[in-house]
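Student: Below, the features straight out of Swiss-Prot:
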BINDING   118  chlorophyll a ChlzD1 binding site
BINDING   126  pheophytin a binding site
BINDING   170, 189, 332, 333, 342, 344  [CaMn4O5] cluster binding site
BINDING   198  chlorophyll a PD1 binding site
BINDING   215, 272  Fe cation binding site
BINDING   215, 264, 265  quinone binding site
SITE      161  site 'Tyrosine radical intermediate'
SITE      190  site 'Stabilizes free radical intermediate'
TRANSMEM  29-46  transmembrane segment
TRANSMEM  118-133  transmembrane segment
TRANSMEM  142-156  transmembrane segment
TRANSMEM  197-218  transmembrane segment
TRANSMEM  274-288  transmembrane segment
């Protein structure tokens with residue numbers, strides 16, 4: 001009898017925990033994905049803060065020339081970063097227990113892998129949690145689809161690009177100036193500005209900003225008057241009210257006359273789908289572009305493609321980018337013994353004109 005009661009008590013405790021995890025009445029929804037998300041994001045955040053403040057220099061290039069990224073080694077908020085793991089580690093999984101000592105783990109940039117892997121698992125779980133909450137509330141699943149764009153971008157720079165280049169030392173550093181350094185080196189090595197997928201991403205981000213500003217200003221300019229001149233117009237809206245808070249016909253008429261009729265949406269649902277889809281698709285393409293350039297399928301090369309009648313080069317924007325890229329690549333590779341091959345290449349001397357006969 002006692003055993004039966006203990007089993008029922010244990011079962012009821014587990015059932016109560018399951019109900020709490022999946023309850024939509026909590027102030028913050030946890031969900032089963034949240035059970036994974038919370039510890040991984042906490043681990044990533046704690047390790048990032050400690051490493052950003054106090055991590056010792058990291059031998060990022062694997063040539064015994066450590067690079068300092070933390071605040072106590074002289075950096076500030078702009079220049080500081082969690083430096084990627086060493087090129088000597090490559091793509092090896094490098095948890096603390098794989099190092100001979102904690103000092104070795106820090107010297108080889110172990111905190112970077114800890115932060116990035118926990119962060120990626122955390123944002124994947126956050127995306128799953130968005131779907132899970134939508135499912136519980138009977139909503140459509142497009143919120144997590146929209147969130148997949150920044151998730152894809154993070155996966156591209158932290159996971160796919162290092163895989164393609166053969167080392168986590170090529171991943172994006174976790175800092176402001178480190179991000180800009182990553183962008184400059186990426187342009188130098190892959191000519192990303194001449195890649196059509198990057199162009200689509202620029203159109204997605206800038207276009208999304210433009211459309212967001214246009215939509216917000218149109219709605220704000222066509223609000224239905226509910227207040228006096230001495231009151232804030234925001235008091236004219238009550239949360240959950242059934243009436244439209246702005247006149248979509250007036251907004252449609254204004255914009256249709258400003259541009260042309262069919263440039264303006266007359267359907268609120270299709271309008272908001274467009275506002276969501278435009279930047280999401282653009283960022284998807286950028287992530288796809290970074291993922292393909294990770295394997296050196298680079299941007300278009302139009303260098304020295306225009307010549308005059310006497311065969312002299314007429315420099316174009318492509319040539320300007322190419323010269324800038326060469327300069328950035330020289331600055332990136334600071335050591336003569338690690339000089340960029342496309343800059344150090346000279347005319348080769350053949351060792352043998354034909355293969356020797358065998359036998």
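Quick reminder: no glycine exception, Cβ is built from N, Cα and C everywhere.
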Student: Whose Cβ lies within 8 Å of the mean position of the Cβ atoms of 215, 264, 265, the quinone site, other than those residues?
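Tutor: Not counting the recorded site residues, we get 214, 218, 251, 252, 255, 271.
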Student: Sort the recorded positions 126, 161, 190, 272, 332 by C-alpha distance from residue 198 (chlorophyll a PD1 binding site) and give me just the closest.
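Tutor: That would be 190, the closest of 126, 161, 190, 272, 332 to residue 198 (chlorophyll a PD1 binding site).
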Student: So if I exclude everything within five residues of the ends of the transmembrane segment (118-133), which remaining residues of that chain have a CB under 8 angstroms from its CBs? That is, six or more out.
Tutor: 24, 29, 31-34, 36-37, 40-41, 43-44, 47-48, 141, 143-144, 147-148, 150-151, 154-155, 158-159
Student: Within 10 Å of the Cβ of residue 189 ([CaMn4O5] cluster binding site), how many other Cβ atoms are there?
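Tutor: Taking all protein chains shown, residue 189 ([CaMn4O5] cluster binding site) has 19 Cβ neighbours within 10 Å.
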Student: With every protein chain in view, how many other Cβ atoms are within 10 Å of the Cβ of residue 332 ([CaMn4O5] cluster binding site)?
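Tutor: Its Cβ shell of radius 10 Å holds 14 other Cβ atoms.
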Student: Just to be sure I understand: of 118, 126, 161, 215, 264, 272, which recorded positions have a C-alpha no more than 10 angstroms from the C-alpha of residue 170 ([CaMn4O5] cluster binding site)?
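Tutor: Checking Cα-Cα distances against residue 170 ([CaMn4O5] cluster binding site), the recorded positions within 10 Å turn out to be 161.
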Student: From the Cα of residue 265 (quinone binding site) across to the Cα of residue 161 (site 'Tyrosine radical intermediate'), what is the distance in angstrom?
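Tutor: Roughly 39 Å, rounded to the nearest whole number.
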Student: Give me the CA-CA distance between residue 332 ([CaMn4O5] cluster binding site) and residue 272 (Fe cation binding site), in Å, as a whole number.
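Tutor: About 43 Å separates the two Cα atoms.
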Student: Across the record's quinone-binding residues 215, 264, 265, the largest CA-CA distance in angstrom?
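Tutor: Farthest Cα pair among residues binding quinone: 11 Å.
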Student: Tell me which of the recorded positions 126, 190, 265 ends up closest to the residue listed as 'chlorophyll a ChlzD1 binding site' in space, Cα to Cα.
Tutor: 126
Student: How many Å lie between the Cα of residue 190 (site 'Stabilizes free radical intermediate') and the Cα of residue 264 (quinone binding site)?
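Tutor: The Cα atom of residue 190 (site 'Stabilizes free radical intermediate') is 39 Å away from the Cα atom of residue 264 (quinone binding site).
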